[in-house]
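Single-structure report; data block below.
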Amino acid sequence: MGQRLSGGRSCLDVPGRFLPQPPPPPPPVRRKLALLFAMLCIWLYMFLYSCAGSCTAAPGLLLLGSGSRATHAQPALVTAPNETSPKMPFRAPPANSLAAGKDKTVGAGSQEEQSPEAPDSPSPISSFFSGAGSKQLPQAIIIGVKKGGTRALLEFLRVHPDVRAVGAEPHFFDRSYHKGLAWYRDLMPRTLKGQITMEKTPSYFVTREAPARISAMSKDTKLIVVVRDPVTRAISDYTQTLSKRPDIPSFESLTFRNRSAGLIDTSWSAIQIGLYAKHLEPWLRHFPLGQMLFVSGERLVSDPAGELRRVQDFLGLKRIITDKHFYFNQTKGFPCLKKAEGSGKPHCLGKTKGRAHPTIAREVLRQLRDFYRPFNRKFYQMTGRDFGWD
């Protein structure tokens with residue numbers, strides 16, 4: 001047996017001397033409370049992080065850009081507004097030539113508002129909550145115009161926590177209407193109560209069927225049109241086309257049907273799109289003027305916060321987007337957002353934004369301004385706003 005100790009006891013008789021006992025387990029209740037507290041802390045952190053990202057998110061830095069495709073179609077003689085005997089014929093293409101998206105001169109595919117960069121991906125935390133809400137048809141649509149600054153406006157609006165927008169252009173009301181509203185709705189992001197669903201497709205403004213189709217979806221849809229001096233818009237359109245197809249004819253040769261006679265070729269989409277008054281007429285047959293907002297592409301560059309204030313009021317949103325969200329990029333000459341959506345870093349959208357335009361002869365610019373002047377004045381009258389292009 002074991003060694004005897006004083007008092008006649010063996011070492012085996014002394015509890016815990018050579019065989020230490022494990023500590024008693026913690027009470028089950030205490031263990032459960034600790035686990036519950038840890039889970040609560042993790043959930044609270046994720047919730048606050050998601051909220052912070054939603055409230056401070058800003059879209060990728062926006063630069064108003066240039067360029068698009070050139071198209072030609074068989075002309076049809078039309079007269080300029082307020083002129084009984086036009087100095088030069090206005091030849092419009094067939095009804096669907098602008099909306100078809102087929103470019104005989106430079107190939108298919110809208111380049112302007114099919115942004116060269118995909119929108120920023122949502123953060124993992126935001127994705128955790130992406131299953132909330134439901135998909136709704138858009139309550140507001142940016143319908144035009146191409147190369148006017150629609151991508152800039154949409155990205156600026158995405159700073160607002162109550163605006164949810166589709167990143168790519170759906171082209172539903174001009175190219176995919178046959179797929180039905182259920183297909184269209186499925187393209188939309190999920191929204192919560194109080195949030196607005198938006199999309200932008202600039203070609204809608206020059207698509208004759210679009211006004212009736214959007215009205216059939218909802219007569220209450222709010223429409224936003226970003227417009228820009230039609231001469232600089234046409235040059236911007238051409239500039240982007242030139243970057244994709246360096247072998248296309250010169251701007252001057254595409255502008256005129258007969259250079260010596262000074263006849264403008266309005267079958268070229270770069271010229272046709274700038275006839276804003278003509279394109280606005282069918283929209284006013286389906287929507288009251290009060291449901292349309294006309295945004296200045298020039299002021300979107302010089303005073304983005306001012307134009308965004310008008311847009312937020314039009315959409316019934318709280319004025320959250322202000323001067324503090326923007327800074328001016330001296331290199332490109334355009335405003336940018338201080339924070340990209342889903343991150344805290346500034347970012348300018350698109351390396352092609354702010355690129356130099358080709359030099360156009362002064363005489364060509366003068367003839368174009370003379371051509372557009374009556375259409376511009378008619379547009380000012382129709383919208384109640386002088387954009388100062390003349």
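Cβ coordinates are placed from backbone N, Cα and C, and glycine is handled just like the others.
Taken from Swiss-Prot, the feature region 'Disordered' covers 1-25 (among others).
Among the features that Swiss-Prot reports, transmembrane segment is placed at 33-53, with the record citing sequence analysis.
For 79-125 (among others), the entry in Swiss-Prot reads region 'Disordered'.
Summarising the annotation, Swiss-Prot assigns N-linked glycosylation site to Asn82 (among others) and lists sequence analysis as the type of evidence.
Gly149 (3'-phosphoadenylyl sulfate binding site) is surrounded by 32 other CB atoms, counting those within 10 A of its CB over all protein chains shown. Residues or ranges marked as 3'-phosphoadenylyl sulfate binding site in Swiss-Prot: Lys147, Gly148, Gly149, Thr150, Arg151, Arg228, Ser236, Lys353, Gly354, Arg355, Ala356, His357.
The substrate binding site annotation in Swiss-Prot covers Glu169, Pro170, His171, Phe172, Phe173, Asp174, Arg175, Lys200, Thr201, Pro202, Ser203, Trp268, Ser269, and the record cites similarity to another entry as its basis.
What Swiss-Prot lists as N-linked glycosylation site is Asn258 (among others). In the three-state DSSP scheme, Asn258 (N-linked glycosylation site) falls into the strand class.
Among the features that Swiss-Prot reports, N-linked glycosylation site is placed at Asn329 (among others), with the record citing sequence analysis. Asn329 (N-linked glycosylation site) falls within a strand when secondary structure is assigned with DSSP.
The Cβ neighbour count for Cys336 (disulfide bond), using a 10 Å radius and every protein chain shown, is 25. Summarising the annotation, Swiss-Prot assigns disulfide bond to Cys336-Cys348.
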Rounded to a whole number, how many Å is the Cα of Ser203 (substrate binding site) away from the Cα of Ala356 (3'-phosphoadenylyl sulfate binding site)?
24
Measure from the CA atom of Asn258 (N-linked glycosylation site) to the CA atom of Lys147 (3'-phosphoadenylyl sulfate binding site) and give the result in Å, rounded to a whole number.
26
Note down the number of other Cβ atoms within 10 Å of the Cβ of Glu169 (substrate binding site), including every protein chain shown.
23
Checking the contact step here: among the recorded positions Gly149, Arg151, Glu169, Asn258, Asn329, which have a Cα within 10 Å of the Cα of Cys336 (disulfide bond)?
Asn329
Tell me, how many other CB atoms lie within 10 A of the CB of Ser203 (substrate binding site), whichever protein chain they belong to?
26
Rank aside, I only need the closest one: which of the binding-site residues Glu169, Phe173, Thr201, Ser269 has its C-alpha nearest to that of Gly149 (3'-phosphoadenylyl sulfate binding site)?
Thr201
Measure from the Cβ of Arg175 (substrate binding site) and count the other Cβ atoms within 10 Å, all protein chains considered.
16
